[in-house]
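Chemist: Attaching a single structure in structure tokens format; questions to follow.
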């Protein structure tokens, strides 16, 4: 009997022309999304790779220069596209792609996609994640909204119950049936996605890539399950198909269109971030005058010079075995970078405060949970972006200090014009960036995964409880 | 006419008792109020950031005073001092934040080569940007159609399903009159909401009730009629409420989500932008290459543009700022064509997206509203162009000190040029958008009438 119900749901879904049409539209959109995602990935990845290699080439082929000239000439960090970004663009279009790395100052990441687009980009982006987060739930709602109400309206539920089948058993059978129907659409799609993942990585099996893809797919399966079970539940709780449908659509609109925007705007209203200009001014102020006006830089420099003279037992700076200019520069860089890093960490903490509301709300709204996990696995969330910015700053600092060190050891005191042979610069390794490891990305979204698991248990539990309570009829 | 008034009255009575309808209205109003508050708050944050600049500017000038107590070489000032180009929002921007949240509201400008100073970013939270602003324009573009669908998807089907339609038609009453009454009632309700929210927004944000208010209301009311027309066209099919709800949500999804998303994808794929990255890198090579070129050659090229300074004297020997700023300027000039190409590419992307968006009234309305508020990419590009011109004014101010060897006195800061920009509304774009919305209305009204005529025969 149970098997019959499951089979009936499966067969009637595929007999329903409207479902077939909607399902096909979604499959076509999935393919379109995959295609645009892959084109987008290839174009942007190639563009940034080329830009990074041009930057490296320019750096390695520069003329003979004074080390401090090179420090100002600087370098670039281009954010490489993560391989899985084609699944979910996440925040990629909203984050800068290029950081200019130079001595004495930390520049913003510039040339984000959104800054070069009109308002159209704000409607969303065609990605596999978009289809799976927005459209498949709608397909599920459409498929399941009248599963109980129709039986009720047509009187078939009574007949079923009179056969001695419990309401709980019917619900379970229906659940299984719809899972099968949705699987028939989703699993082939996942198979193609998997092939795309392999092909985009030139068929090299990479454990982190596979793990990310696996978590990506598994959590989406939970997300779909939540919608299937939730729709069945709402259908069981309503007398009429009309009200069940309107309720479900209302929930969809509220959780996918309305709530994410409201929460993220609220978070940003509650926690105000400083402007870049104000932040830079504070860094400048604090490195010049010391934090809270204690220990100003001039005084520290005097002490530093005095210390050197004493250490090497000489009378004047020009007698030192090293060039004090480079050392002073290094001292300044060390202090200002440290202060910058503190301010940057504070800024990131403010952003985390702004975003916290949306992350915890995963327990109220499974869409927010899956959105977070999906971006993270694709390597396109805020955490991955900040990791890149930190890596770029780390490289900038190391490069600058390396050049300061060259000045200290290879150029004479007060000499601002001699040039070092270019190959001494070319030997410095170029900027190379690899995103955070899978485990770190996973740990960062653990709360969202718990939220999704919580929802899975909740909807299943509610079905069981409701059905036990309602033993006979609504 | 009297019949119509009676029908409207009963619609009103019916509306008052229908809890879900009242709830929808409240939800819509609540969202609208939150949108107004949130847009206003976002603007306030931007204004706070701009307001904070004055203090930074003054602190910098004080520092210059400490560093160069008597008089200074203008070259030092040009290097260590910075001014701000400010992009002040109009109050209207609170109603449609548009692209203002992704573009910086100010640019920090030094006398050095300007091209790598024009594209710096502000501190922004990318998750917030990606989720988008919850401003009044969002409420109008996305939620208003859903509200309209919610109150009119069962325009006829509800009466039919409750069995009241037959009773009504048993009276000496034409179905078309009933239909019309229901539509008029809903339109009045929607118009009241739109006007109430818009007036609240104007009062709350202090946006000037000028021609823009007229454009704003016109565009949104046309948009509302479009969705009402669509609902009628579906309702005229005389199918079940469930069918209507699904079809209308499908239309909404197609027009408000999928079409814009596809238009954006098409724009990105057919017109990718690499010019920005290219511009910065080429400019850096040109500027820093200046250090390695013969000084005389650089100066000769510089004097071609500034013959008035050609007798400024030799720059050979020890470092001279004159030479430094000459190659900075030449670095900018060497990428002038790239700058134009970059700007043009962004304009092309905008116009392509704008042309494609005729298929999507929601995208069109967003464009119109952003145009009214002056918050599109177009206006930011204007600000960038204005900032570049501002840098020219700074050069015109500082170059005489530099190249005529005049000492820069601290008091001269008072004469430094300033730049504040406020975007003007883009009436042309808004007007053409409104025409598109009008055309969409005509189409959908014809469709609704046709559907009604062909599908209601059996009922008559």
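Placement of Cβ uses the backbone N, Cα and C atoms for every residue, glycine included.
No curator has checked TrEMBL annotations; they are predicted automatically.
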Chemist: Using TrEMBL as the reference, determine which range in A:416-440, A:441-465 is annotated transmembrane segment.
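Modeler: It is A:441-465 that TrEMBL describes as transmembrane segment.
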Chemist: From the ranges A:107-127, A:128-148, A:149-169, A:275-295, grab the one TrEMBL calls transmembrane segment.
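Modeler: The range carrying the transmembrane segment annotation in TrEMBL is A:128-148.
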Chemist: Below 8 Å between Cβ atoms, which of the listed ranges A:20-41, A:128-148, A:175-200, A:244-263, A:441-465 makes the most pairs with the transmembrane segment (A:220-237)?
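Modeler: Answer is A:128-148, with the largest number of Cβ pairs below 8 Å.
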Chemist: Check the transmembrane segment (A:20-41) against each of A:128-148, A:244-263, A:441-465 and return whichever range has the most CB pairs under 8 Å.
Modeler: A:128-148
Chemist: Within the same chain, where does the transmembrane segment (A:128-148) have neighbours whose Cβ lies under 8 angstroms from its own Cβ atoms, ignoring anything closer than 6 residues to its ends? I mean 6 or more beyond.
Modeler: 9, 13, 18-19, 22-23, 26, 29-30, 33-34, 37, 86-90, 157, 174, 178, 181-182, 185-186, 193, 220, 223-224, 227-228, 231-232, 234-236, 238, 241, 244-245, 248-249, 252, 256, 367, 370-371, 374-375, 378, 474
